[in-house]
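Asks: Structure provided below as structure tokens; questions to follow.
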Amino acid sequence: MSGTALMYMLANMFLTQLFYVVGVGGVQEDNLCLCLAFGIHYLRLAIISWLCVMTYDMLITFRNNVNLNPRPEPVNVLISRFVKYSLFAWGVPSLSVISASVMRMTVNHQTVDNLNPYNCWFFEKTIYNVTFAMPALCCFAAIVDSLVRSWLTARATVGLQVDKKTRLKMHRKRTLQLHLYVKIATLLFAVNVFGYVARNGSPASDPVAWIAYNVGHSLQGILVALAVTCNCQVLKIYTRSFTRRRRRRPRNGSATALFDKRDNDISDTTYLQNLTWDPVPLPV
């Protein structure tokens, strides 16, 4: 369940960056610029919604599995849970976009109120604060609540384990997942804070927030992917394999290579006459 939600979140990040690059490139057509603005608005809020789903699912998993080995759940329960998660993760951004379109028709008749003439993302400040900043803040509050309760649940379930090795292994697995979600939540929160400051501030006088938002928005997808795949366990495995490969690689023509070749020849045979040094190896 968490892996599927993660794939949806990464797909939303990819589409968000794609739409954002098209919008920054300069769109002269007002209707196309408005469609890009609504699309980015929807996808950016969907990213936060899927992260909210991931942290809540982690809390449910920690509560239902008090042992190291997870208890398998029926397929119908998993499907029902995934449908509920999908309704929330896709429904919240949909309601936000509908509210933004209604406010645009009733409050402000401008197509898009931009930070600069060639960016199709930022709406008028009131629309942005009401339809994006407030739902995002509520989702981040739910994420923090799920993370805190997951930490308390993991701490309690780890203490219930009798065997020391099982307790340490369970603590390591739970801590690794918690740290991963904390990193992702911190990254997304920082990027959205920079976007909020850039939208409500003055980008002409203080472009630091605008530059930081663009850099974070461009790198958030690859940073989340690296945080998921390249944790300390994976890096340790690759480091060990690389070190062993370096140690096993002999120098051509050296005495070590001759001895290693002779050892391999001896180990691959069972005849006694091959157990003698013929020819005599070179002196070292």
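Using N, Cα and C of the backbone, Cβ positions are placed for all residues, glycine too.
Pasting the relevant annotations from TrEMBL:
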DOMAIN    1-121  domain 'G-protein coupled receptors family 2 profile 2'
TRANSMEM  7-27  transmembrane segment
TRANSMEM  39-62  transmembrane segment
TRANSMEM  82-107  transmembrane segment
TRANSMEM  178-198  transmembrane segment
TRANSMEM  218-239  transmembrane segment
Asks: How many of the residues that make up the domain 'G-protein coupled receptors family 2 profile 2' (1-121) does DSSP mark as helix, as strand and as coil?
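Replies: So the domain 'G-protein coupled receptors family 2 profile 2' (1-121) is made up of 90 helix, 0 strand, 31 coil.
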Asks: If I take every residue in the domain 'G-protein coupled receptors family 2 profile 2' (1-121) and average their pLDDT values, what number comes out?
Replies: 79
